[in-house]
Amino acid sequence: MGETDFRKTVKQQYQELLENCRIQMDRLDRELPPPREDFQSLLTESGVSRRDFLKWTSLMTAALMLPPVFKPMVAKAAENFSRLPIVWLHFAECTGCSESLLRSSHPDVASILLDTISLEYHETIMAAAGDQAEQCLEKALQDFPGKFICVIEGAIPRGLNGQYMRLGPKGKTGLEIGKEVTSKAAATIAIGACAVNGGIPAANPNPTDAVGAGKALGISTVNIAGCPPNAVNFVGTLLYYLMFGALPPLDSQGRPVWAYGKRIHDVCERRPHYDAGEFVEEWGDEGARKGWCLYKVGCKGPYTYANCGHLRFNQAISWPVMAGHGCIGCTENGFWDKMAPLEKPLEAATIGGGEKTVDDVGIALTALTVAGVAAHGAFTALRHAGSEKKETPAHSEE
Ligand code: FSX
Ligand code: SF4
Ligand code: F3S
């Protein structure tokens, strides 16, 4: 195929995608409850100008790996954000994921979107407690069967048939609640390392046999990895769902490729120092003051896939490597054990062998991740009302 033909085909594919996007958004307009908030007024009240919003729309469209022609659709999806019903379950975790998502000192568009999110049930921030809280959950399941998104935060203990975790007035186990709610959801998003693969609750020796939500419940989940994850990766995944009625293509660890497709080490601002052999040798030394590479003090960026350096945290102010600590690999399965010791290089990747050794080990450790992209490209983990849930195996944590 010639270059012109190839371009034409790509253009045609984007046209078809755009058309599908329009059809999907019209469907949602008919099916979802009306918006709870007037998003444009909220932006104005929060001091976000139309120009800022359009700029954010461009950045979000690019982050989702879509061409600029999709910008109006991203804007429309943002306006519809408060229409998507969410049921948010908490299991074994520190609640840092909710904290990092819902708290912000200075509002940007992503945090305003999260303020409008339609949380039908969220134990940390809802006013109801006990029986009343349980009624809220039952009502949400009745009102939006097959239409709500279930978000799971935290690992699920499987030991003693799930009895390490009993919740609510009836003392149901995490396993019971998880199975009941996810069986009625349109899709399930695992948010944070704990829900994705067990995270810290599953670290050695893992006495409660805690595992990620997908593994515990035997379902496929979309995994927004990180401890805690970046709010934009969660927001972007929901926007994608609103635009296409499907969840984005995932890698072999169930993470959206648009957010977790690149290696930290390859887009790191300290990379020129790595290439020049300029390393921080110990905390506070001259290299630390000069912003040199953190590999020798344990940075796991060479083995970690995420967009932290690109998006940053706290209204895009900073990210771990910029703050001077180095990445601890929190978006990778089993990071707490596999990336230990956190402040020393992995033994198998000592710098003694030169930079090629680090890259070889990094690429070998992550080859599975990349290989899985194609295999999971078409996966949607999605169920619409009235259609059977697609039986796909849960994403492996190993
Ligand atoms: Fe885990 Fe979330 Fe780490 Fe904490 O709740 S991903 S321990 S930041 O907050 O689940
Ligand atoms: Fe950046 Fe860490 Fe790679 Fe150094 S080792 S370039 S600090 S990601
Ligand atoms: Fe986690 Fe590393 Fe990003 S520690 S937050 S994946 S920089």
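Cβ from N, Cα, C; glycine included.
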Co-listed [4Fe-4S] cluster 1-binding residue [TrEMBL; alongside C94, C97, C227] among C136, C194:
C194
Could you check what DSSP calls C293 ([4Fe-4S] cluster 2 binding site) once collapsed to helix, strand or coil?
strand
Checking the binding-site residues C94, C97, C194, C227, C293, C327: which ones have Cβ within under 6 Å of ligand 1?
C94, C97, C194, C227
Which binding-site residues from the set C97, H265, C268, C293, C299 come within 10 angstroms of C330 ([3Fe-4S] cluster binding site), judged by C-alpha positions?
none
So which binding-site residues out of H265, C293, C308, C327, C330 are up against ligand 3, CB under 6 A?
C308, C327, C330
Could you round the CA separation between C308 ([3Fe-4S] cluster binding site) and C94 ([4Fe-4S] cluster 1 binding site) to a whole angstrom and send it over?
21
